Amino acid sequence: MATVSKWRMLVLTLCLTGVWQVESSADVMKKLTTGFATALEKCRDELNLPDAVMQDFFNFWREDYELVNRDMGCAIMCMATKFDLVTEEQKLHHGNAHEFAKSHGADDSMAKQLVTMLHECETQTASISDDCGRTLEIAKCFRTKIHGLKWAPSMETILEEVMTEV
């Protein structure tokens, strides 16, 4: 009987640890999203982005929201450039992306995983010659991978974070 109780306690502990990791990963993604979004205003002004792009950002983490606006890709590329996350060739700068993730709460392992996912998405879309279109497809691929890991932050928590910073 005592052995069964120990096993139950072990399983419960492992489950709770797994839940905590998922929650903390979603929290890191929230911090990354809000940190990345700090460049949105500058890019919106520089690129004269339409309101539809702002709506796309508002709905970015919703799985059922279809991202189709090429301007969204232009905005993401502009924002990534502001944080030195891309090279002159418009490719992911692995070292800077890794450090950006760590500076927003990711541990080394999670930062590596995020960079790897972005690199995989970048590789899958390499045949797209239009930088904005390719960046949009990379973002869609990345969003799908994050949802697959159950790391996507809720829009409510992101909005709360953004509103408290205003």
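Easy rule for this one: first residue shown is 1, then count along the chain.
Note: Cβ is positioned from N, Cα and C throughout, glycine not excepted.
DSSP assigns Cys43 (disulfide bond) to a helix. Under the heading disulfide bond, Swiss-Prot lists Cys43-Cys78 (among others), citing similarity to another entry as support.
The feature disulfide bond is assigned by Swiss-Prot to Cys74-Cys132 (among others). Taking the Cβ of Cys132 (disulfide bond) as centre and 10 Å as the limit, one finds 20 other Cβ atoms among all the protein chains shown.
Sequence annotations record features per position, and here Swiss-Prot assigns disulfide bond to Cys121-Cys141 (among others). Within the same chain, the residues at least 6 positions away from Cys141 (disulfide bond) whose Cβ sits under 8 Å from its Cβ are Glu120, Cys121, Gln124, Thr125, listed in sequence order.
The feature signal peptide is assigned by Swiss-Prot to 1-24.
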Helix, strand or coil at Cys121 (disulfide bond) [DSSP, three-state]: helix
